[in-house]
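Engineer: Pasting a structure below so you can have a look.
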Amino acid sequence: MRPIFSLTEGCVDYDGNHVLHDVDLTINRGEFVAVLGDNGSGKTTLMRALLTLTPLDHGYLTIDSVPATRFREWNDIAYVPQRLLSAGAVPVSVAEVVATTSISSRTRFQWWSRARKMAVRTALEQVGLWERRNDRLDTLSGGQQRRVLIASALAKGATVFILDEPTAGVDGENQEMIAGTFRLIRDQGGTVILVTHELGTFTDLATRVVILDHGRVSYDGPAPGPTRAHDHGVHHSEDLRPIEPPSTLFGTAGGDAS
Amino acid sequence: MSLFQYDFMQRAFVAALIVGVIAPLIGVFLVQRRLALLGDGMGHVALTGVGLAFLVGSAPIPTALVVAALGAVLLEVIRARSRTAGDLALALVFYGGIAGGVFLTSLAGGKATTSLNQYLFGSLSTVSATDLIGLGVAATVVLVVLAIFGRELFAMSLDSELAQVQGIRTTLMSTLLTVMAAISVVVGMRTVGLLLVSAIMIVPIAAAQQLTRSFTVTAVIGVALGLVSTTAGLTSSYYLDVPPGPTIVLIALAIFVLAGLAGYVARRRSRLARR
(Lines of atoms letter the chains of each structure in order from A and count residues from 1; the text may use other names and numbers.)
(Lines give C-alpha, C1' and ligand atoms only; values in the text may rest on other atoms or scores of the structure.)
Protein backbone atom coordinates (compact mmCIF):
# COMPACT_ATOMS: atom_id res chain seq x y z
CA MET A 1 0.00 0.00 0.00
CA ARG A 2 1.21 3.47 -0.83
CA PRO A 3 1.53 5.82 2.14
CA ILE A 4 -0.19 9.18 1.70
CA PHE A 5 1.18 10.67 4.93
CA SER A 6 4.30 9.54 6.73
CA LEU A 7 5.33 11.40 9.84
CA THR A 8 8.56 10.50 11.63
CA GLU A 9 9.34 11.71 15.15
CA GLY A 10 6.99 14.64 14.69
CA CYS A 11 7.28 17.31 17.38
CA VAL A 12 5.38 20.58 17.68
CA ASP A 13 6.15 22.90 20.58
CA TYR A 14 4.00 25.77 21.66
CA ASP A 15 5.29 28.23 24.25
CA GLY A 16 7.86 25.68 25.37
CA ASN A 17 5.33 22.84 25.80
CA HIS A 18 5.26 19.77 23.61
CA VAL A 19 1.90 19.69 21.89
CA LEU A 20 3.08 16.80 19.73
CA HIS A 21 5.86 14.63 21.03
CA ASP A 22 7.78 12.15 18.85
CA VAL A 23 4.77 11.08 16.85
CA ASP A 24 5.39 8.36 14.27
CA LEU A 25 2.42 7.85 12.01
CA THR A 26 2.04 6.41 8.54
CA ILE A 27 -1.32 6.52 6.83
CA ASN A 28 -1.81 4.50 3.69
CA ARG A 29 -4.13 5.15 0.81
CA GLY A 30 -7.49 3.46 1.22
CA GLU A 31 -7.46 3.63 5.01
CA PHE A 32 -10.24 5.15 7.09
CA VAL A 33 -8.39 6.46 10.11
CA ALA A 34 -10.03 8.02 13.13
CA VAL A 35 -7.69 10.18 15.20
CA LEU A 36 -9.20 10.40 18.65
CA GLY A 37 -8.32 12.24 21.81
CA ASP A 38 -9.55 14.67 24.42
CA ASN A 39 -9.22 18.43 24.17
CA GLY A 40 -5.54 19.30 24.36
CA SER A 41 -4.42 15.81 23.36
CA GLY A 42 -2.74 17.19 20.25
CA LYS A 43 -5.09 15.68 17.70
CA THR A 44 -5.88 19.00 16.05
CA THR A 45 -2.19 19.91 15.99
CA LEU A 46 -1.43 16.55 14.37
CA MET A 47 -4.06 17.23 11.71
CA ARG A 48 -2.69 20.73 11.08
CA ALA A 49 0.85 19.36 10.90
CA LEU A 50 -0.20 16.80 8.27
CA LEU A 51 -1.81 19.63 6.29
CA THR A 52 1.41 21.70 6.70
CA LEU A 53 -0.64 24.45 8.36
CA THR A 54 1.43 24.10 11.54
CA PRO A 55 5.17 23.71 10.99
CA LEU A 56 7.00 20.85 12.74
CA ASP A 57 9.63 21.84 15.26
CA HIS A 58 11.33 18.47 14.84
CA GLY A 59 10.70 15.46 12.72
CA TYR A 60 10.02 14.76 9.11
CA LEU A 61 6.85 14.59 7.06
CA THR A 62 6.34 13.17 3.61
CA ILE A 63 3.12 13.48 1.67
CA ASP A 64 2.61 10.94 -1.11
CA SER A 65 6.28 9.94 -0.62
CA VAL A 66 7.48 13.49 -1.31
CA PRO A 67 8.95 15.77 1.39
CA ALA A 68 6.02 17.91 2.55
CA THR A 69 7.71 21.16 1.56
CA ARG A 70 7.97 19.95 -2.01
CA PHE A 71 4.50 18.43 -2.22
CA ARG A 72 2.42 20.11 -4.94
CA GLU A 73 -0.50 17.75 -5.65
CA TRP A 74 -2.86 19.55 -3.28
CA ASN A 75 -5.75 18.86 -5.67
CA ASP A 76 -5.72 15.30 -4.33
CA ILE A 77 -6.19 16.31 -0.69
CA ALA A 78 -9.39 17.84 0.61
CA TYR A 79 -9.60 19.40 4.05
CA VAL A 80 -13.00 19.90 5.67
CA PRO A 81 -12.72 22.44 8.51
CA GLN A 82 -15.39 22.89 11.17
CA ARG A 83 -16.30 26.27 9.76
CA LEU A 84 -14.92 28.85 7.37
CA LEU A 85 -12.47 31.29 8.94
CA SER A 86 -14.21 34.43 7.71
CA ALA A 87 -17.75 33.31 6.99
CA GLY A 88 -20.43 35.93 7.41
CA ALA A 89 -18.35 38.99 6.53
CA VAL A 90 -19.62 39.44 2.97
CA PRO A 91 -22.61 37.34 1.85
CA VAL A 92 -21.35 34.18 0.17
CA SER A 93 -23.68 31.81 -1.63
CA VAL A 94 -23.61 28.05 -1.11
CA ALA A 95 -22.57 27.49 -4.74
CA GLU A 96 -19.73 30.00 -4.43
CA VAL A 97 -18.33 28.19 -1.40
CA VAL A 98 -18.47 24.83 -3.14
CA ALA A 99 -16.83 26.23 -6.28
CA THR A 100 -14.01 27.76 -4.21
CA THR A 101 -12.13 24.53 -3.62
CA SER A 102 -11.52 23.96 -7.31
CA ILE A 103 -9.67 27.28 -7.50
CA SER A 104 -5.93 26.95 -7.84
CA SER A 105 -3.10 28.49 -9.79
CA ARG A 106 -3.51 25.71 -12.33
CA THR A 107 -7.14 26.53 -13.03
CA ARG A 108 -6.48 30.27 -13.15
CA PHE A 109 -7.57 30.62 -16.77
CA GLN A 110 -10.46 28.14 -16.82
CA TRP A 111 -13.08 30.15 -15.00
CA TRP A 112 -16.36 28.62 -15.95
CA SER A 113 -15.66 25.27 -17.51
CA ARG A 114 -18.62 22.94 -17.85
CA ALA A 115 -16.81 20.20 -15.95
CA ARG A 116 -16.30 22.53 -13.00
CA LYS A 117 -19.97 23.51 -12.90
CA MET A 118 -20.96 19.86 -13.08
CA ALA A 119 -18.61 18.98 -10.23
CA VAL A 120 -20.27 21.64 -8.06
CA ARG A 121 -23.73 20.38 -8.97
CA THR A 122 -22.89 16.71 -8.37
CA ALA A 123 -21.31 17.50 -5.01
CA LEU A 124 -24.25 19.59 -3.84
CA GLU A 125 -26.69 16.91 -4.96
CA GLN A 126 -24.66 14.33 -3.10
CA VAL A 127 -25.12 16.22 0.19
CA GLY A 128 -28.73 17.05 -0.67
CA LEU A 129 -28.33 20.83 -0.84
CA TRP A 130 -28.59 21.59 -4.56
CA GLU A 131 -31.89 23.46 -4.03
CA ARG A 132 -30.11 25.77 -1.55
CA ARG A 133 -27.28 26.65 -3.98
CA ASN A 134 -28.26 30.32 -4.32
CA ASP A 135 -28.88 30.90 -0.62
CA ARG A 136 -26.51 32.73 1.68
CA LEU A 137 -24.30 30.26 3.51
CA ASP A 138 -25.07 31.84 6.88
CA THR A 139 -28.82 31.28 6.48
CA LEU A 140 -28.24 27.50 6.66
CA SER A 141 -28.19 25.55 9.91
CA GLY A 142 -24.87 24.47 11.42
CA GLY A 143 -25.30 20.91 10.17
CA GLN A 144 -26.21 22.07 6.68
CA GLN A 145 -23.19 24.39 6.59
CA ARG A 146 -21.01 21.41 7.45
CA ARG A 147 -22.55 19.54 4.53
CA VAL A 148 -21.71 22.49 2.27
CA LEU A 149 -18.07 22.28 3.35
CA ILE A 150 -18.15 18.54 2.65
CA ALA A 151 -19.60 19.27 -0.79
CA SER A 152 -16.66 21.65 -1.37
CA ALA A 153 -14.29 18.81 -0.59
CA LEU A 154 -16.20 16.46 -2.90
CA ALA A 155 -16.22 19.02 -5.74
CA LYS A 156 -12.45 19.23 -5.53
CA GLY A 157 -12.18 15.73 -6.94
CA ALA A 158 -9.72 14.68 -4.24
CA THR A 159 -9.22 11.09 -3.09
CA VAL A 160 -7.86 11.96 0.36
CA PHE A 161 -10.15 13.64 2.89
CA ILE A 162 -9.19 15.16 6.21
CA LEU A 163 -12.16 15.95 8.40
CA ASP A 164 -12.05 18.12 11.52
CA GLU A 165 -14.81 17.09 13.95
CA PRO A 166 -17.33 16.56 11.12
CA THR A 167 -20.21 15.76 13.46
CA ALA A 168 -19.58 18.17 16.35
CA GLY A 169 -22.66 20.32 16.87
CA VAL A 170 -24.47 18.53 14.04
CA ASP A 171 -27.92 16.99 14.62
CA GLY A 172 -28.59 13.28 14.20
CA GLU A 173 -30.11 13.45 10.73
CA ASN A 174 -27.19 15.49 9.35
CA GLN A 175 -24.71 13.15 11.07
CA GLU A 176 -26.23 10.14 9.30
CA MET A 177 -26.05 11.94 5.98
CA ILE A 178 -22.39 12.91 6.50
CA ALA A 179 -21.44 9.37 7.55
CA GLY A 180 -23.26 7.99 4.50
CA THR A 181 -21.24 10.24 2.18
CA PHE A 182 -17.97 9.01 3.62
CA ARG A 183 -19.06 5.39 3.59
CA LEU A 184 -19.40 5.82 -0.17
CA ILE A 185 -15.96 7.39 -0.40
CA ARG A 186 -14.44 4.55 1.61
CA ASP A 187 -16.15 1.96 -0.58
CA GLN A 188 -14.78 3.69 -3.68
CA GLY A 189 -11.25 3.33 -2.31
CA GLY A 190 -10.82 6.85 -0.96
CA THR A 191 -8.69 7.73 2.04
CA VAL A 192 -10.36 9.38 5.03
CA ILE A 193 -8.67 10.83 8.09
CA LEU A 194 -11.13 11.86 10.73
CA VAL A 195 -10.13 13.96 13.73
CA THR A 196 -12.72 13.84 16.48
CA HIS A 197 -13.31 13.44 20.19
CA GLU A 198 -16.22 11.11 19.58
CA LEU A 199 -16.64 8.57 16.79
CA GLY A 200 -20.42 8.64 16.87
CA THR A 201 -21.90 7.69 13.51
CA PHE A 202 -18.43 6.93 12.14
CA THR A 203 -17.82 3.99 14.48
CA ASP A 204 -18.53 1.25 11.96
CA LEU A 205 -16.67 3.09 9.18
CA ALA A 206 -13.20 3.55 10.67
CA THR A 207 -10.76 0.76 9.86
CA ARG A 208 -8.07 2.09 12.16
CA VAL A 209 -8.03 4.17 15.29
CA VAL A 210 -5.18 6.37 16.51
CA ILE A 211 -5.57 7.76 20.00
CA LEU A 212 -3.53 10.71 21.17
CA ASP A 213 -2.89 11.52 24.80
CA HIS A 214 -0.80 14.51 25.89
CA GLY A 215 0.83 14.78 22.48
CA ARG A 216 1.80 11.11 22.20
CA VAL A 217 0.20 8.22 20.38
CA SER A 218 -1.25 6.00 23.09
CA TYR A 219 -3.04 3.57 20.80
CA ASP A 220 -2.75 2.75 17.12
CA GLY A 221 -4.64 -0.25 15.83
CA PRO A 222 -7.85 -1.64 14.45
CA ALA A 223 -11.08 0.06 15.24
CA PRO A 224 -13.53 -1.69 17.52
CA GLY A 225 -16.23 -1.69 14.88
CA PRO A 226 -19.38 -3.70 15.58
CA THR A 227 -18.31 -6.43 13.14
CA ARG A 228 -14.96 -6.73 14.75
CA ALA A 229 -16.40 -6.65 18.23
CA HIS A 230 -18.83 -9.31 17.19
CA ASP A 231 -16.07 -11.48 15.70
CA HIS A 232 -14.05 -11.35 18.86
CA GLY A 233 -17.07 -11.59 20.99
CA VAL A 234 -16.06 -8.57 23.06
CA HIS A 235 -16.35 -4.86 22.68
CA HIS A 236 -13.04 -4.15 24.37
CA SER A 237 -10.76 -6.43 22.42
CA GLU A 238 -7.14 -7.18 23.34
CA ASP A 239 -6.04 -4.47 20.93
CA LEU A 240 -7.65 -1.80 22.98
CA ARG A 241 -6.45 -2.90 26.38
CA PRO A 242 -3.41 -0.62 26.65
CA ILE A 243 -5.41 2.55 26.34
CA GLU A 244 -8.63 1.91 28.19
CA PRO A 245 -10.75 4.04 25.88
CA PRO A 246 -13.42 5.99 27.72
CA SER A 247 -16.77 4.41 27.04
CA THR A 248 -18.13 7.61 25.50
CA LEU A 249 -15.59 7.32 22.69
CA PHE A 250 -17.31 4.36 21.14
CA GLY A 251 -20.49 4.66 23.11
CA THR A 252 -23.05 5.67 20.51
CA ALA A 253 -21.69 3.09 18.10
CA GLY A 254 -23.65 -0.02 18.87
CA GLY A 255 -27.05 1.51 18.29
CA ASP A 256 -26.53 2.60 14.68
CA ALA A 257 -24.90 -0.59 13.48
CA SER A 258 -26.77 -3.85 13.12
CA MET B 1 -25.42 70.32 -17.96
CA SER B 2 -23.42 73.36 -17.16
CA LEU B 3 -20.84 71.68 -14.98
CA PHE B 4 -19.44 69.72 -17.93
CA GLN B 5 -18.49 72.89 -19.79
CA TYR B 6 -15.34 73.09 -17.68
CA ASP B 7 -12.39 70.90 -18.61
CA PHE B 8 -11.41 70.45 -14.96
CA MET B 9 -14.88 69.11 -14.15
CA GLN B 10 -14.71 66.65 -17.04
CA ARG B 11 -11.38 65.40 -15.74
CA ALA B 12 -12.69 65.23 -12.17
CA PHE B 13 -15.63 63.15 -13.40
CA VAL B 14 -13.41 60.68 -15.23
CA ALA B 15 -11.29 60.37 -12.08
CA ALA B 16 -14.44 59.84 -9.99
CA LEU B 17 -15.70 57.13 -12.32
CA ILE B 18 -12.39 55.30 -12.07
CA VAL B 19 -12.48 55.42 -8.25
CA GLY B 20 -16.13 54.37 -8.19
CA VAL B 21 -15.27 51.16 -10.04
CA ILE B 22 -11.89 50.27 -8.54
CA ALA B 23 -12.38 51.05 -4.85
CA PRO B 24 -15.40 48.78 -4.15
CA LEU B 25 -13.82 45.95 -6.18
CA ILE B 26 -10.90 45.89 -3.76
CA GLY B 27 -13.07 46.77 -0.78
CA VAL B 28 -15.20 43.63 -1.12
CA PHE B 29 -12.10 41.49 -0.47
CA LEU B 30 -11.04 43.69 2.46
CA VAL B 31 -14.48 43.42 4.09
CA GLN B 32 -14.43 39.65 3.59
CA ARG B 33 -11.04 39.46 5.31
CA ARG B 34 -12.30 41.75 8.09
CA LEU B 35 -9.66 44.30 7.17
CA ALA B 36 -12.05 47.19 6.53
CA LEU B 37 -9.63 49.70 8.03
CA LEU B 38 -6.68 48.65 5.87
CA GLY B 39 -7.57 51.27 3.23
CA ASP B 40 -7.42 53.98 5.88
CA GLY B 41 -3.95 52.92 6.84
CA MET B 42 -2.82 52.84 3.24
CA GLY B 43 -4.16 56.41 2.93
CA HIS B 44 -1.94 57.46 5.81
CA VAL B 45 1.05 55.83 4.16
CA ALA B 46 0.27 57.47 0.82
CA LEU B 47 0.39 60.81 2.66
CA THR B 48 4.10 60.24 3.26
CA GLY B 49 4.40 59.82 -0.50
CA VAL B 50 2.64 63.14 -1.07
CA GLY B 51 4.90 64.84 1.48
CA LEU B 52 7.96 63.38 -0.23
CA ALA B 53 6.69 64.63 -3.60
CA PHE B 54 6.30 68.16 -2.16
CA LEU B 55 9.80 68.05 -0.72
CA VAL B 56 11.68 66.79 -3.78
CA GLY B 57 9.33 68.37 -6.31
CA SER B 58 8.27 65.13 -8.01
CA ALA B 59 4.77 64.29 -9.29
CA PRO B 60 2.51 63.40 -6.33
CA ILE B 61 0.57 60.47 -7.86
CA PRO B 62 3.53 58.28 -8.94
CA THR B 63 5.43 59.10 -5.74
CA ALA B 64 2.42 58.26 -3.55
CA LEU B 65 1.90 55.05 -5.56
CA VAL B 66 5.46 53.89 -4.95
CA VAL B 67 5.49 54.83 -1.25
CA ALA B 68 2.06 53.29 -0.56
CA ALA B 69 2.99 50.07 -2.38
CA LEU B 70 6.23 49.85 -0.39
CA GLY B 71 4.26 50.47 2.81
CA ALA B 72 1.88 47.66 1.83
CA VAL B 73 4.73 45.21 1.34
CA LEU B 74 6.35 46.32 4.62
CA LEU B 75 3.05 45.76 6.42
CA GLU B 76 2.70 42.24 5.04
CA VAL B 77 6.29 41.41 5.97
CA ILE B 78 5.74 42.57 9.57
CA ARG B 79 2.48 40.61 9.69
CA ALA B 80 4.01 37.43 8.30
CA ARG B 81 6.98 37.59 10.68
CA SER B 82 5.03 38.16 13.89
CA ARG B 83 2.18 35.76 14.46
CA THR B 84 0.18 37.59 17.08
CA ALA B 85 0.63 41.28 16.33
CA GLY B 86 -1.44 41.64 13.15
CA ASP B 87 -3.28 44.80 14.14
CA LEU B 88 -0.18 46.15 15.87
CA ALA B 89 1.66 45.92 12.55
CA LEU B 90 -1.14 47.93 10.96
CA ALA B 91 -0.95 50.56 13.68
CA LEU B 92 2.83 50.96 13.42
CA VAL B 93 2.80 51.45 9.66
CA PHE B 94 -0.19 53.81 9.82
CA TYR B 95 1.21 56.16 12.46
CA GLY B 96 4.51 56.25 10.63
CA GLY B 97 2.68 57.15 7.44
CA ILE B 98 0.71 60.14 8.71
CA ALA B 99 3.57 61.47 10.84
CA GLY B 100 5.97 61.16 7.92
CA GLY B 101 3.50 62.88 5.59
CA VAL B 102 2.92 65.92 7.79
CA PHE B 103 6.63 66.10 8.68
CA LEU B 104 7.83 66.08 5.06
CA THR B 105 5.10 68.50 3.95
CA SER B 106 6.07 70.95 6.69
CA LEU B 107 9.74 70.68 5.70
CA ALA B 108 8.77 71.55 2.14
CA GLY B 109 7.02 74.61 3.58
CA GLY B 110 5.19 77.42 1.76
CA LYS B 111 2.43 76.36 -0.57
CA ALA B 112 2.78 72.66 0.30
CA THR B 113 1.07 73.00 3.67
CA THR B 114 -1.98 74.72 2.17
CA SER B 115 -2.33 72.23 -0.69
CA LEU B 116 -2.12 69.35 1.81
CA ASN B 117 -5.83 69.86 2.43
CA GLN B 118 -6.60 69.06 -1.21
CA TYR B 119 -4.94 65.69 -0.77
CA LEU B 120 -6.65 64.99 2.52
CA PHE B 121 -10.22 65.79 1.45
CA GLY B 122 -10.12 65.82 -2.36
CA SER B 123 -10.41 68.68 -4.77
CA LEU B 124 -12.38 69.42 -7.92
CA SER B 125 -9.84 71.54 -9.72
CA THR B 126 -6.56 69.70 -9.29
CA VAL B 127 -6.95 66.67 -11.58
CA SER B 128 -4.57 67.30 -14.48
CA ALA B 129 -4.50 65.48 -17.81
CA THR B 130 -1.25 63.81 -16.73
CA ASP B 131 -2.93 62.69 -13.51
CA LEU B 132 -5.67 61.03 -15.54
CA ILE B 133 -3.12 58.96 -17.44
CA GLY B 134 -1.58 57.86 -14.14
CA LEU B 135 -5.00 56.96 -12.71
CA GLY B 136 -5.91 55.08 -15.90
CA VAL B 137 -2.74 53.02 -15.81
CA ALA B 138 -3.14 52.25 -12.09
CA ALA B 139 -6.78 51.25 -12.57
CA THR B 140 -5.91 49.03 -15.53
CA VAL B 141 -3.27 47.28 -13.43
CA VAL B 142 -5.86 46.62 -10.68
CA LEU B 143 -8.41 45.27 -13.16
CA VAL B 144 -5.89 42.99 -14.88
CA VAL B 145 -4.66 41.64 -11.53
CA LEU B 146 -8.25 40.98 -10.47
CA ALA B 147 -9.03 39.21 -13.73
CA ILE B 148 -6.05 36.90 -13.27
CA PHE B 149 -5.95 36.40 -9.50
CA GLY B 150 -9.49 37.33 -8.43
CA ARG B 151 -10.61 33.77 -7.76
CA GLU B 152 -7.50 32.95 -5.77
CA LEU B 153 -7.98 36.20 -3.80
CA PHE B 154 -11.56 35.14 -3.09
CA ALA B 155 -10.47 31.71 -1.84
CA MET B 156 -7.79 33.32 0.35
CA SER B 157 -10.27 35.86 1.75
CA LEU B 158 -12.85 33.20 2.52
CA ASP B 159 -10.50 30.87 4.39
CA SER B 160 -6.75 31.34 4.13
CA GLU B 161 -5.99 27.87 5.55
CA LEU B 162 -8.35 26.11 3.19
CA ALA B 163 -6.77 28.10 0.37
CA GLN B 164 -3.31 27.04 1.50
CA VAL B 165 -4.36 23.39 1.43
CA GLN B 166 -5.40 24.02 -2.17
CA GLY B 167 -1.86 25.04 -3.02
CA ILE B 168 -2.72 28.75 -3.23
CA ARG B 169 0.19 30.92 -2.14
CA THR B 170 -1.69 32.83 0.53
CA THR B 171 1.10 35.14 1.69
CA LEU B 172 1.64 36.25 -1.89
CA MET B 173 -2.10 36.77 -2.40
CA SER B 174 -2.38 38.71 0.84
CA THR B 175 0.49 40.99 -0.23
CA LEU B 176 -1.05 41.41 -3.66
CA LEU B 177 -4.36 42.49 -2.11
CA THR B 178 -2.69 44.99 0.22
CA VAL B 179 -0.67 46.48 -2.64
CA MET B 180 -3.86 46.81 -4.70
CA ALA B 181 -5.57 48.51 -1.77
CA ALA B 182 -2.64 50.93 -1.72
CA ILE B 183 -3.04 51.57 -5.46
CA SER B 184 -6.79 52.15 -5.09
CA VAL B 185 -6.19 54.64 -2.32
CA VAL B 186 -3.86 56.65 -4.53
CA VAL B 187 -6.37 56.43 -7.39
CA GLY B 188 -8.96 58.04 -5.10
CA MET B 189 -6.55 60.57 -3.61
CA ARG B 190 -7.40 63.43 -5.98
CA THR B 191 -11.17 63.25 -5.84
CA VAL B 192 -12.09 61.74 -2.48
CA GLY B 193 -8.94 62.56 -0.54
CA LEU B 194 -6.62 60.33 1.48
CA LEU B 195 -8.53 60.57 4.75
CA LEU B 196 -11.85 59.54 3.21
CA VAL B 197 -10.94 57.36 0.23
CA SER B 198 -11.17 54.19 2.31
CA ALA B 199 -14.88 54.91 2.80
CA ILE B 200 -15.57 54.45 -0.91
CA MET B 201 -13.89 51.03 -0.72
CA ILE B 202 -15.98 49.91 2.23
CA VAL B 203 -19.31 51.78 2.48
CA PRO B 204 -20.74 50.74 -0.94
CA ILE B 205 -19.92 47.10 -0.08
CA ALA B 206 -21.49 47.46 3.36
CA ALA B 207 -24.61 48.84 1.63
CA ALA B 208 -24.67 46.17 -1.08
CA GLN B 209 -24.41 43.27 1.36
CA GLN B 210 -27.66 44.33 3.03
CA LEU B 211 -29.42 43.27 -0.16
CA THR B 212 -27.44 40.36 -1.59
CA ARG B 213 -26.87 36.64 -1.17
CA SER B 214 -23.57 36.13 -2.97
CA PHE B 215 -20.07 37.58 -3.11
CA THR B 216 -20.18 38.23 -6.86
CA VAL B 217 -23.46 40.14 -6.72
CA THR B 218 -22.21 42.09 -3.69
CA ALA B 219 -19.17 43.18 -5.70
CA VAL B 220 -21.27 44.20 -8.73
CA ILE B 221 -23.84 46.16 -6.71
CA GLY B 222 -21.01 47.64 -4.66
CA VAL B 223 -19.46 49.03 -7.85
CA ALA B 224 -22.84 50.45 -8.95
CA LEU B 225 -23.34 52.16 -5.58
CA GLY B 226 -19.73 53.35 -5.66
CA LEU B 227 -20.33 55.01 -9.04
CA VAL B 228 -23.53 56.66 -7.82
CA SER B 229 -21.74 57.98 -4.72
CA THR B 230 -18.72 59.42 -6.54
CA THR B 231 -20.63 61.05 -9.39
CA ALA B 232 -23.46 62.41 -7.22
CA GLY B 233 -20.95 63.52 -4.62
CA LEU B 234 -18.85 65.32 -7.22
CA THR B 235 -21.91 67.08 -8.66
CA SER B 236 -23.14 68.29 -5.28
CA SER B 237 -19.62 69.36 -4.36
CA TYR B 238 -19.59 71.59 -7.46
CA TYR B 239 -22.91 73.26 -6.65
CA LEU B 240 -22.32 73.58 -2.91
CA ASP B 241 -18.72 74.73 -3.37
CA VAL B 242 -17.29 72.28 -0.81
CA PRO B 243 -14.51 69.66 -1.22
CA PRO B 244 -15.78 66.51 -3.00
CA GLY B 245 -14.50 63.99 -0.41
CA PRO B 246 -17.09 64.77 2.27
CA THR B 247 -20.05 64.95 -0.16
CA ILE B 248 -19.08 61.64 -1.81
CA VAL B 249 -18.79 59.89 1.55
CA LEU B 250 -21.98 61.40 2.98
CA ILE B 251 -23.93 60.24 -0.08
CA ALA B 252 -22.40 56.76 0.23
CA LEU B 253 -23.44 56.69 3.90
CA ALA B 254 -26.97 57.81 3.02
CA ILE B 255 -27.16 54.95 0.49
CA PHE B 256 -25.96 52.58 3.21
CA VAL B 257 -28.76 53.68 5.55
CA LEU B 258 -31.37 53.24 2.78
CA ALA B 259 -29.97 49.81 1.85
CA GLY B 260 -30.01 48.82 5.52
CA LEU B 261 -33.68 49.75 5.80
CA ALA B 262 -34.55 47.99 2.53
CA GLY B 263 -32.67 44.87 3.62
CA TYR B 264 -34.44 44.89 6.97
CA VAL B 265 -37.86 45.14 5.33
CA ALA B 266 -37.01 42.41 2.80
CA ARG B 267 -35.76 40.01 5.48
CA ARG B 268 -38.82 40.67 7.63
CA ARG B 269 -41.13 40.05 4.71
CA SER B 270 -39.44 36.75 3.74
CA ARG B 271 -39.55 35.62 7.37
CA LEU B 272 -43.28 36.36 7.55
CA ALA B 273 -43.84 34.63 4.20
CA ARG B 274 -42.15 31.47 5.49
CA ARG B 275 -44.43 31.28 8.51
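Backbone N, Cα and C define each Cβ position, glycine as well.
TrEMBL: automatically predicted annotations, no manual curation.
Feature list, courtesy of TrEMBL:
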TRANSMEM  B:12-31  transmembrane segment
TRANSMEM  B:51-75  transmembrane segment
TRANSMEM  B:87-109  transmembrane segment
TRANSMEM  B:129-149  transmembrane segment
TRANSMEM  B:170-186  transmembrane segment
TRANSMEM  B:192-208  transmembrane segment
TRANSMEM  B:215-240  transmembrane segment
TRANSMEM  B:246-266  transmembrane segment
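Walk me through the surroundings of each of these features.
Structural biologist: Within the same chain, residues 4, 38-39, 124-125, 127, 131-132, 135-136, 139, 142-143, 146, 153-154, 157, 177, 180-181, 184, 187-188, 190-192, 197, 200-202, 204-206, 208-209, 215, 218-219, 222-223, 225-231, 233-234, 244, 248 sit at least 6 positions outside the transmembrane segment (B:12-31) and bring their C-beta atoms closer than 8 Å to a C-beta of that stretch.
Beyond the ends of the transmembrane segment (B:87-109), by six or more residues, the same chain brings 37-38, 40-41, 43-52, 54-55, 71, 74-75, 78-79, 116 to within a C-beta distance below 8 angstroms of the stretch.
Within the chain carrying the transmembrane segment (B:192-208), a Cβ under 8 angstroms from the stretch's Cβ atoms is held by residues 19-20, 23-24, 26-28, 30-31, 36-40, 42-44, 46-47, 50, 118-123, 181, 184-185, 217-219, 221-223, 225-226, 229-230, 243-246, 248-249, 252-253, 255-256, 258-260, all 6 or more beyond its ends.
Non-local neighbours of the transmembrane segment (B:246-266) in the same chain are 16, 121-122, 191-192, 196, 199-200, 203-204, 206-208, 210-211, 225-226, 228-230, 232-234, 236-237, 240; each lies 6+ residues outside the stretch with a CB under 8 Å from one of its CB atoms.
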Engineer: Counting only residues 6 or more past its boundaries, what in the same chain has a CB within less than 8 Å of a CB in the transmembrane segment (B:51-75)?
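Structural biologist: Residues 41-42, 45, 89-90, 93, 97, 100-105, 107-108, 112, 115, 119, 130-131, 134-135, 138, 175, 178-179, 181-183, 185-186, 189-190 contact the transmembrane segment (B:51-75) from elsewhere in the chain.
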